[in-house]
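The following features are taken from TrEMBL:
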ACT_SITE  144  active site, phosphoserine intermediate
BINDING   94, 205, 207, 364  Mg(2+) binding site
BINDING   94, 369, 373, 410, 411, 483  Zn(2+) binding site
REGION    259-283  region 'Disordered'
């Protein structure tokens, strides 16, 4: 990765300093005004600026002052959007704490040959930002089941329970009855909207499960996973509830093996015993799903070819299960078999948005969390980058006038971003200087995890190690790295996005979303002021650059 100080050969973009193709600047106009009107090849008409001029501008206090004034002007000109939200798109980065967001922002820029730190992600353009407290009722640091129950059902819960109030006990089937709580997905469906779930994990995993299931254990994926006593007491597995609880229009993710009878060969991995069906009750839930959609166009697909052939204009229901369990990491995904999250998000929106009453869509970047648990920062960050790509795709397909879009996380991880690396240093790289033990260390580390490798009271010497795909070092040895308990961010744009502000309980989220959409118990927002045609917030990173930094550089670099 080239640093800012490397001169004209690695020239940078205006504002977010995105790097231009090597040598392109020399073929463009040499005047600053000409440069700002010149577009970079293949980069959607964003503007280029050579680093010498950029560095000269950044050395001037007025550069930063004018930039601040431009941003201030955008804030002062922003008008509250009090429309009723016809549509809601809720993006959840599982395990995407603020450190993960920052590191992924840098990685996204560096993947495009930039220095990275100044990159503007799609989620960075959201004008309203707040924090939410993630603790569970019984634990200081939560899991994904308790947090999903909070931000989808609007009540805080106990660890490992899904869709239950805190009166529900982990693993205790008898505690379920009477303590079920419904989610905003069901509230939206009851209001006549179309609803969907898109995830990179199995669709029975904790986050999506909280949208439709009620379970004393998040691990009861299918009936085989349940103790005999729980089944005798009438509790049902999560996969079965996927079909019976709420009529979900679009379901996209993994989890085929929880839907088919024990021993059923997987269509993609027929020789792999671990991929075979796991149900003990003999039910084929995929076939049952298809049979319940009589009179409707319902498509079940398990590979990219069939998925790409699904026509949103003529499809009423879609069940897409691309893996027996969780989907593959973004870096390991078979492009010919499994589409990326941005593509599955687009397909879901195009199917759901046909409903004149609108839709609710939950999109989860679920393997961010799993990358962190494995202490593989590269995997977690690439998953986060793809989640941000999906956010951008959704913004292209919807509008702020009638669609409330939110990005948040369920919890964080023991993930740290440390040392004093130089500007532009690879986010997955090493801190170049030596420490007290005379050995380098990576910029990214974990507080605990499988990366704890102290031998003879010494850390491993990583000077010859490729840290691009690497198990980061950890302070405390654990088999799996753990969650973190600090607040996570909530970013919002669209109708009533200003409701997401300050520091709130995580359970506040679905109540505010429902109020904005005029669904659920509080219907007081149904009578609104006349619609606002568009948001005053920049709609993309490029729009933000043009609104804020083009005028600044034009003034400074004359």
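Every residue, even glycine, has its Cβ placed from backbone N, Cα and C.
Please treat TrEMBL annotations as automatic predictions, because they have not gone through curation.
Distribution of TrEMBL features across the structure.
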residue	record	contacts (Cβ under 8 Å, 6+ apart)
94	Mg(2+) binding site	144, 201, 207, 364, 365, 366, 367, 368, 369, 409, 410
205	Mg(2+) binding site	144, 199, 218, 221, 253, 255, 326, 366
373	Zn(2+) binding site	95, 413, 449, 480, 481, 482
411	Zn(2+) binding site	95, 97, 134, 141, 142, 143, 144, 147, 483, 484, 485, 488
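Residues 221-225, 239-240, 302-303, 321, 323-325, 337 of the same chain lie 6 or more positions beyond the ends of the region 'Disordered' (259-283) yet place their CB under 8 Å from a CB of it.
Within 8 Å of the centroid defined by the CB atoms of 94, 205, 207, 364, the record's Mg(2+) site, lie the Cβ atoms of 92, 144, 148, 199, 200, 201, 206, 208, 365, 366, 369, 410, excluding the listed residues themselves. Applying DSSP to the region 'Disordered' (259-283) sorts its residues as follows: 3 helix, 2 strand, 20 coil. Each of the recorded positions 144, 207, 410, 483 was scored by other CB atoms within 10 A of its CB, and the lowest score goes to 483.
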